[in-house]
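Colleague: The structure under discussion is supplied below as structure tokens; questions concerning it will follow.
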Amino acid sequence: LSFAANVVNARFDSTSFITQVLSNGDDVKSACCDTCLCTKSNPPTCRCVDVRETCHSACDSCICAYSNPPKCQCFDTHKFCYKACHNSEVEEVIKN
């Protein structure tokens, strides 16, 4: 009679894909958006429609496509737009 056992070295990898997609509690000030859609209502309802490999740091509802690289979009709505991600003075805000 013999007994065989496998030992698996499991560890938490903080740089894994899922931890990049989920909000990690970063400061909202670090969140950014290049393309923001807002309604004409007062106050406006705005949503970032950027598609990137990860959502911005303050995103609560991030949806990613199963692709390589992943294509993620944040579905949170706010009464404002985040600052532009890239160092350009042109921030695209589209009012519906």
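Every residue, even glycine, has its Cβ placed from backbone N, Cα and C.
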Colleague: When you check Swiss-Prot, which of CYS62, CYS64 turns out to share a disulphide bond with CYS55?
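Modeller: According to Swiss-Prot, the disulfide partner of CYS55 among CYS62, CYS64 is CYS62.
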Colleague: Regarding the disulphide bond with CYS36, report which of CYS81, CYS85 Swiss-Prot records as its partner.
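Modeller: Recorded disulfide partner of CYS36 in Swiss-Prot: CYS81.
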Colleague: Based on the record in Swiss-Prot, give the one of CYS33, CYS38 in a disulfide bond with CYS46.
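Modeller: Among CYS33, CYS38, the record in Swiss-Prot lists CYS38 as the disulfide partner of CYS46.
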Colleague: According to Swiss-Prot, the disulfide involving CYS72 connects it to which residue among CYS64, CYS74?
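Modeller: Going by Swiss-Prot, CYS72 is disulfide-bonded to CYS64.
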Colleague: Quick one: which of CYS33, CYS59 does Swiss-Prot link to CYS48 by a disulfide?
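Modeller: Out of the candidates CYS33, CYS59, the one Swiss-Prot links to CYS48 is CYS33.
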Colleague: What's the CA-CA gap between CYS81 (disulfide bond) and CYS46 (disulfide bond) in angstrom, rounded?
Modeller: 6
Colleague: Same chain only, sequence gap of 6 or more: which residues have a CB within under 8 Å of the CB of CYS32 (disulfide bond)?
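Modeller: HIS56, TYR82, LYS83, ALA84, CYS85 - these are the non-local Cβ neighbours of CYS32 (disulfide bond), listed in sequence order.
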Colleague: Could you give the Cα-Cα distance between CYS46 (disulfide bond) and CYS33 (disulfide bond), in whole Å?
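Modeller: Roughly 11 Å, rounded to the nearest whole number.
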Colleague: Using C-alpha positions only, work out which of the disulfide-bonded residues CYS48, CYS55, CYS62 is nearest to CYS38 (disulfide bond).
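Modeller: Checked the disulfide-bonded residues CYS48, CYS55, CYS62; minimum Cα distance to CYS38 (disulfide bond) goes to CYS48.
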